[in-house]
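Peer 1: TrEMBL lists 324-545 with the feature domain 'Histidine kinase'. Taken from TrEMBL, the feature domain 'Response regulatory' covers 578-696. According to TrEMBL, the feature domain 'HPt' maps to 727-827. Sequence annotations record features per position, and here TrEMBL assigns 4-aspartylphosphate to Asp627. Taken from TrEMBL, the feature phosphohistidine applies to His766. Marked as transmembrane segment by TrEMBL: 12-32, 269-292.
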Amino acid sequence: MKQDKRILTFTLHLLGRFMIFFAILLLIGFALQSKMNDSLNREVEKFSTHQGETLAFVYHNLLQTEIAELSKTAALIAAEKITPANGVQSISDKGQLGGLLDIHGQSIWGVALPAEARLQCARTLQGEPSWRYYKDVGLVVMVPVYQGNTVRYVLCKLHTNSSLRDKSSPFQFADKKDEENILLYDTRTQQVVVPFENYTDSPFYDADKDSPLGLDQLLAKLDSAQEAAIFDPKINADYVLYASPIPDTNFIAIGYREWRSVVTGITNIHLIVLWVFGLLVVLFCVFILYAFTNQVAAEESTALREARDEALRANQAKSDFLANMSHEIRTPLNAILGMNEMIMREASGKLKKYAFNVKSAGETLLSIINDILDFSKIESGKMEIVPVSYSLSSVLNDVYNMVNYKAGQKGLAFHMNVDPDIPDALIGDEVRLRQVVVNILNNAVKYTPNGSVTFTVKSQGTAENDTLELEFITQDTGIGIREEDKEKLFAKFQRLDIEKNRNIEGTGLGLAITVKLTEMMQGSISVDSIYGEGSTFTIRIPQQVEKYDPIGDFNTRIEAALREEEHYQESFTAPQSHILVVDDNDMNLTVVESLLEKTRVHIHTATSGKECLQLIAQNHYDIVFLDHMMPEMDGIETLQRAKTMTDSPCQHTPFIALTANAVAGVKEMFLAKGFNDYLAKPVDGKTLEHMVQKYLPPEKIEAAGENPSTTSQQIDLPTAMQYCGNDEEMQKKFLSMFVTRREAVTKLLEKDLTADNIADYTTHVHALKSTALSIGGVKLSEAAKALEMAGHAYCDGPEEEKADNLQYIKEHHGEAMELYAKLADEAKVRFSIQS
Ligand code: ADP
């Protein structure tokens, strides 16, 4: 349909052009025709002018011959060789009549001439031959007849009008063409002297003037030229008139010729015309061809443009689609990974193993999604490099943690050498820098079955403008890259050595992204590899220096960081704190709730910005986690509104953005919008706990960051408060009593135990279980409970289990007492209770 329409438009287009060109051609044709006619007419005139000249020449000759003949006869008469009568006789023939005149002009012999012929005779008597035309009579030629030196007679010859018109007349051309007519015009009498047959009936006879049409113009032309011709279609469209005066006479020879016959003679003009038209036709064809190909090309380029636009649109749609998937895929993945985290915490044995597999598959999926998203963002030009101030050591620390863990899992050694002189405070895109480095290191681990990965960080001299070039060298002892594969290495979706790498997960996007990002950061990447031995990837990226304080001994710092990690193994608790989590997705709320469950933080939830605003208007929260993408009112707008609520109990509460959108510069964007921090979804338990710990008021955090073996919290305040009706005084009193009695209770239990009095021991340990719980000693209470149960089993259970139960009591009694001691210590520190 579209195609048909296009063809129709195209044809109309072509037809339109054709018509325009045709019209132009017609105009040119007309102009050319008139020009051609003009020039043809000039050519015709020129050609005819020459004919006039020839005509005059011929007539002149004829007259000369006539005079010569007459003179010859005159000479014979003068010499008396013939008689005058014979002479006259000899020159007479049909309409040509001879005669001899005396000196008075009187006829002696032959023809008698009209009276006016005497004048002519008088002139001839002076010795000059003459010729003259007499209307209604004819042409008279006279020559003198001498006697000695004197003229005695005049010999004359009359060509009557009829004889002149006679084809056999000497004054008619023997070779005259049929279409040609000749007149003689006498300038003296201003008359046509020798008209041709039917002259007055001819198409150019002007009856009014008794002369040929156009004669006046012709004579006018002859005034200034020896010979002339005219062709004026206005006067006579069919005939050309040409003339030339006959020398030594008063006559003008005038010829008429049909225009067409003249033109036929001017073949070169015809040829020119033919050529011109031929050329025009060729031009026309060329034009049509040009217009056609042009049109086709235009059509094609339109089609190409449309296809390109279509492709661009499709590509844009693809990029938009992928970008939107960021939110859509990450959200459920967040839920899956979060839930899985909970399973991992609770589960044991096989279930834990399965959950771990889910985690690793989920994380792989997440990294693939991230790669695809990053790549689509780079392709659509939406990826931006956002320079921020950052600490290189913290980036390297993250890198170390990530890579070291993975390398460790594979049994690879991971070495890291960082030049201690590199400045730590730099400005650059920390996120992308980390991504690039981690990509290369992950590949090194991925493609190294055994051996080691060595990561070296150097900086290439501080240049001007406070910039330096960071150099990251990743060496592995892996499978290496074939020389011929190196070119393909950085192409998108390109994986090498497929046979060998069959079992290694990957999309072939990692290096393509790495290269693009490196280039976007004005950096470069190079690779050096020996197949089968290993590869070395070197990345160089310029960064700005913020401060010149050197990074120092990084390895030591890594160790310190690692210790800190260990320190953090156990999560803190903050039972008195309240956190509000806002997310339109219930699942996400559940995930956060579950992840923070162990911290005993009170989690409150809201599913919209509006609900959030209602809650913070009434209650105080220590932290608000606010999802970015929510229908109606998004996180940013919610925060902005919250900031305007000056009397809200959450005026000083930190707001942390929670979003699945982890694109470049997002953190900065959230900070600029007034958020205190930013947390990317899917949230992992450790990061979330870190964040909560960072923003909770320190006084609400209990036993955070202490070694679990010695200092995990023994007294759970909320439990204690529950048992003493939320009366702080009462709680302290109970606690004090409990601590004071420790020694006595310990002694009592030990006595029971040494006496193997398990029945009493069971009773006493039962009491300890209850009192411990009432002061919040949950762990001690549980330990006591276990001992009590073993005691009961010993006393009342089957005989064969007695020994086991006793052993359990003996083995775990000490632990319970240790917990009691710790509780007392804690009471001393936390509640200033002396034992
Ligand atoms: P992938 O997702 O397949 O790892 P990359 O773009 O990161 O994609 O890498 C492209 C290909 O380059 C890999 O499939 C692998 O064949 C090769 N490659 C990358 N790094 C290394 C390395 N350190 N040693 C050997 N081969 C490598």
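Backbone N, Cα and C define each Cβ position, glycine as well.
TrEMBL: automatically predicted annotations, no manual curation.
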Peer 1: What are the sequence-distant neighbours of Asp627 (4-aspartylphosphate), meaning same chain, six or more residues apart, C-beta distance under 8 angstroms?
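Peer 2: Set apart from Asp627 (4-aspartylphosphate) by at least 6 residues yet with Cβ under 8 Å, we have Val582, Asp583, Asp584, Asn585, Asn588, Gly635, Leu658, Thr659.
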Peer 1: If you count Cβ atoms within 10 Å of the Cβ of His766 (phosphohistidine), leaving out that atom itself, what do you get?
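Peer 2: Result for His766 (phosphohistidine): 17 neighbouring Cβ atoms inside 10 Å.
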Peer 1: For the domain 'HPt' (727-827), jot down how many residues DSSP puts in helix, in strand and in coil.
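Peer 2: Counts, helix then strand then coil: 91 helix, 0 strand, 10 coil.
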Peer 1: Grab the same-chain neighbours of the transmembrane segment (12-32) for me: Cβ-Cβ under 8 Å, and only residues 6 or more beyond its ends, written as numbers and ranges.
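Peer 2: Long-range Cβ neighbours of the transmembrane segment (12-32): 276, 280, 284, 287-288, 291-292, 295.
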Peer 1: For the domain 'Response regulatory' (578-696), what does DSSP give as the number of helix, strand and coil residues?
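Peer 2: Across the domain 'Response regulatory' (578-696), DSSP assigns the residues as follows: 51 helix, 24 strand, 44 coil.
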Peer 1: Across the domain 'Response regulatory' (578-696), what does the pLDDT come to on average, as a whole number?
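Peer 2: Averaging the confidence scores along the domain 'Response regulatory' (578-696) gives 85.
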